[in-house]
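Participant: For reference, the structure I am asking about is given below.
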Amino acid sequence: MGTGIVSVLMTSVPFHTPVLYYLSIVFFVLNVILFTLASITSILRYTLYPEIWSVMIQDPVNSLFLATIPMGFATLIEMWVFICVPLWGEWAKTFAWALWMVDVVAAASVTLSLSFILISQSHITSLDRITALQLLPIAATIVAAGAGAEVAGILPNQQHAMGTLLVSFILWGMGTPLAIVVLVIYYQRLAVHKLPPREMIVSCFLPLGPLGFGGFGIVYIGKVARDLLQSSDVIDPLAGRVAYILGLFISLLMWSFGLIWLVFAFATILHKFPFPFNMGWWGFTFPLGVYAANTMELGVLMDIMFFKVFGTVSTFDPIHKWSLQKLNELLVSRF
């Protein structure tokens, strides 16, 4: 996820340069390698030791990270759309569509199953045990919705594109309202039981994930709907323009809501600093990245320089966090 969103951001910066383009390809290839190795390792692990699966799926924390699989896969699909489709043409579009279908099944399965496990198991019986990690399963469908809108925008067949766009909107509707409900519960947990411990402090950035990509997804759905419905004989083209305007305002609303959580997150980091390094530091990268992506998309669509510049500057923060995380991993593994 972290490596994938870095590559996506480099292609999304509105101030295009060849350096960013080629760097995005480097990170894309690295993301493919890392995702493949992680997938093979996980398959071997659960094949050789199948009893671990039942233990993991019932764990109230570790099971939530299953949602990172379809989200990481979605970043690969996005980069395929941005890099490979312009180079390789029609077959690459069909392949992107097929990959997205796989991601939809995985994302919907994760959101529905893990969310039900959360409310059916007895692991979490008090408000103080609620964390922002509960957003991970819900965010999977939101990310798949945004990726689906991008895939719909490249499909040559209008019916296929409309079907893809409709499924993307359904996925967005499944995830975004539920994520906001969880955010309300999480805010109450913070108000009553105060900030999480230092070991979990990085999770304070996770609310930016569904808000950032939720805003990006709905405005991209609206943009593609406007383009597709211009030549529609079934639906009034006005519906496409309405969808675009509504998507733009909803995206701006979610960006504004995310801004509050961004301030909360940085204030929490300053309040709790220093805190120990752990693998949870990857929680910095993806939420900040998708929030920056939504910022830049709003800047491009509304042609507002503030959003373009703020989004571009925000892009360097996930890249910095990615570099810091990799450096810490190397130091920990060596010493």
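Heads up, the Cβ atoms here are built off N, Cα and C, so glycines get one too.
Found this in TrEMBL, in case it helps:
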- 20-44: transmembrane segment (TRANSMEM)
- 64-89: transmembrane segment (TRANSMEM)
- 95-119: transmembrane segment (TRANSMEM)
- 131-155: transmembrane segment (TRANSMEM)
- 161-188: transmembrane segment (TRANSMEM)
- 200-222: transmembrane segment (TRANSMEM)
- 242-270: transmembrane segment (TRANSMEM)
Participant: Return the stretch with the most CB pairs under 8 A relative to the transmembrane segment (242-270), choosing among 64-89, 95-119, 161-188, 200-222.
Facilitator: 200-222
Participant: Are there residues at least 6 beyond the ends of the transmembrane segment (161-188) whose Cβ is under 8 Å from a Cβ of it, and what are they?
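Facilitator: Beyond its ends, the transmembrane segment (161-188) has Cβ neighbours at 97, 100, 104, 107-108, 111, 115, 127, 130-132, 134-135, 138-142, 144-146, 148-149, 151-153, 155, 207, 210-211, 214, 217-218, 221, 224-225, 228, 254, 261.
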Participant: Do any residues, 6 or more residues outside the transmembrane segment (64-89), come within under 8 Å Cβ-to-Cβ of it, and if so which ones?
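Facilitator: Hits for the transmembrane segment (64-89): 1, 3-5, 7-8, 11, 24-25, 28, 31-32, 35, 39, 57, 95-96, 99-100, 102-103, 106-107, 110-111, 114, 133-134, 136-140, 143-144, 146-147, 150-151, 154, 286.
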